[in-house]
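Asks: This is the structure I want to talk about, given as structure tokens.
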Amino acid sequence: MFSNKKFDTNIVVIGAGSAGLISANIAATLNAKVTLIERHKMGGDCLNTGCVPSKTLLRSAKIRHLISESDRFGLKVAEASVDFPAVMGRVQSVIKHIEPNDSIERYTSLGVDCVTGDATLISPNEVLVNDQTIRARHIILAMGARPFIPDIPGLENIEYLTSDNIWELDELPESMLVMGSGAIACEMTQAFSRLGTRVSMVQRSASILNKEEPEVGEFMLKTFRDEGIDVKLNTSISEVRAGENGTIEALLRTADGSEQWESFQHLLLAVGRQANTEGMGLEDVGVELNDNGTVKVDEYLRSNHKNIMACGDVAGPYQFTHMASHQAWYATVNALFGFVKKFKVDYRIVPKAVFTDPEIASVGKLEAELKTESVAYEVINFPLDDMDRALAEGEAKGFIKVLTKAGSDKILGATIVGAHAAELLTEFVNAMKNGQGLNHILGTIHIYPSFSEANKYLAGQWKRKHAPQWALRILKKLHAWRR
Ligand SMILES: Cc1cc2nc3c(=O)[nH]c(=O)nc-3n(C[C@H](O)[C@H](O)[C@H](O)COP(=O)(O)OP(=O)(O)OC[C@H]3O[C@@H](n4cnc5c(N)ncnc54)[C@H](O)[C@@H]3O)c2cc1C
Ligand SMILES: NC(=O)c1ccc[n+]([C@@H]2O[C@H](COP(=O)([O-])OP(=O)(O)OC[C@H]3O[C@@H](n4cnc5c(N)ncnc54)[C@H](O)[C@@H]3O)[C@@H](O)[C@H]2O)c1
């Protein structure tokens, strides 16, 4: 239909994952006209192939693991046999349950124009989808990322797994080689191992979970090995080939140069995620990219074309659902109101978790980062193996490590390895966000017996260390005099 308006819509959002959905939701709530384009499944990675299926699978795996340890709880239970199709059926049913929240129906009812199709940029203000050109004042790029496929000779001749297609397995693998040791590799390794797959993990460096404090990697390495997982450090895959009976053979090369072929039923590649920025006209329109393929954005999440914003995995640097929605607010508000006021995206306090058992959650700086930045700091460690509630639950393992500014209770970083770590971390996240230190946590009433008491005990440990010795000496004399 002919329109004399310069633009058909205020914003076109490309991609209906966590970033795109929140962007469209915010824009529609603020009464802007917004078009949301998705080429595959509404909900994107998190709902369909990421957070939701992985956490659901981990739950079945944990229950089977608990059953295998039922003796510890005074229960005599025969080993749980795994009905793998039923486990994967539960994964799909949880996705189906959440799906309506992210659906075209819901977003249409919110006032978003939802379009199914592959979007291409044809100019900084025009998006082509299904042969239709949409003229938009602003474009929000939210196309997410996909598994990075490393360059391994022979990979093109075998069928490998990634976090995209692992959910299509209909039989529990007898064995699996997992490449990588980040969040995806660790979560999937433990999940499949606990369900009964013989899992080997191959990691080229000398430690696992290298984005965390070194103690975390050490703790989880021991946990994995105690559970029977074969973790091969300092090892890379130099070649793969098809073996007999549909197996995959991998040539594993250790740091000393020795090589050995090993056979597995499946190979899972979990070595990072690559932004979806190719083949959609970004180069033609001149949208600048970073070396790793993400969209180059400024502190307002604008690309070099100031009306084209990016958020979520396609922008980075954090690849988390909560960061996608955090960025989505900035991208959308800056697009709609940037001509009046712009907001700089706030990355000061970014929490994250890996949902292994025990969980790993962290926020703020790592010790190594503080050293590099020459920040004077102190370390408070608190073991989680003697907490009343954790003992009662049979979950007494792990630790909390908090970094404070030297001589102050200001929290610079916190890491928790333990049951419910992602929930426990929120207290540190809140404290950091609100400029409160460990004294504040110590002065807060925590329910007994709860896992969260550990945060208070850690704060108490800091307090004891910092109690003024001169005052304690005077008190000792005062009490002696009053006796
Ligand atoms: C196994 C796994 C587990 C994870 N677990 C967690 C977790 O526990 N917690 C957490 O915070 N994060 C987790 N993540 C990361 C999280 O899933 C992502 O950070 C998040 O989904 C990113 O959202 P996004 O909107 O940027 O991208 P996506 O969710 O990938 O959405 C992008 C969408 O854009 C669409 N698209 C792409 N190109 C076009 C185009 N040209 N036209 C139209 N549509 C297009 C895609 O089809 C897709 O639907 C996990 C990831 C994986 C793989
Ligand atoms: N719980 C969560 O929040 C969660 C869960 C899963 C994924 N994610 C997100 O998804 C992203 C991708 O996860 P991921 O685990 O694939 O990536 P990652 O970046 O966390 O880890 C990649 C791993 O692969 C290794 N590696 C990289 N290139 C390699 C190569 N050529 N050969 C051998 N090893 C190599 C790295 O050393 C590292 O261990 C993460 O950044 C994370 O933000 C989050």
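Quick reminder: no glycine exception, Cβ is built from N, Cα and C everywhere.
Heads up, TrEMBL stuff is auto-annotated, nobody curated it.
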Asks: Per TrEMBL, which one of Gly89, Gly257, Gly272 shares the NAD(+) site with Gly180, Ser181, Gly182, Ala183, Ile184, Ala185, Cys186, Glu187?
Replies: Gly272
Asks: Which residue, of the recorded positions Cys51, Ile184, Cys186, has its CB surrounded by the fewest other CB atoms within 10 A?
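Replies: Least crowded of the recorded positions Cys51, Ile184, Cys186, by Cβ count within 10 Å, is Cys51.
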Asks: Check the recorded positions Cys46, Cys51, Gly182, Ile184, Cys186, Asp313 for any whose Cβ is under 6 angstroms from an atom of ligand 1, and report them in sequence order.
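Replies: The ones that qualify, in sequence order, are Cys46, Cys51, Ile184, Asp313.
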Asks: Do me a favour and check the Cα-Cα span between Cys51 (disulfide bond) and Ile184 (NAD(+) binding site); whole Å is fine.
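Replies: Each residue's Cα considered, Cys51 (disulfide bond) and Ile184 (NAD(+) binding site) end up 10 Å apart.
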Asks: Could you measure between Cys186 (NAD(+) binding site) and Lys55 (FAD binding site) for me? Cα positions, answer in whole angstrom.
Replies: 12
Asks: Relative to the mean position of the Cβ atoms of Gly180, Ser181, Gly182, Ala183, Ile184, Ala185, Cys186, Glu187, Gly272, the recorded NAD(+) site, which additional same-chain residues have Cβ within 8 Å?
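Replies: Filtered neighbour residues, in order: Val178, Met188, Leu209, Ala270, Val271, Val354.
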Asks: Just name the most isolated of the binding-site residues Gly180, Gly182, Gly272, going by other Cβ atoms within 10 Å of its Cβ.
Replies: Gly272
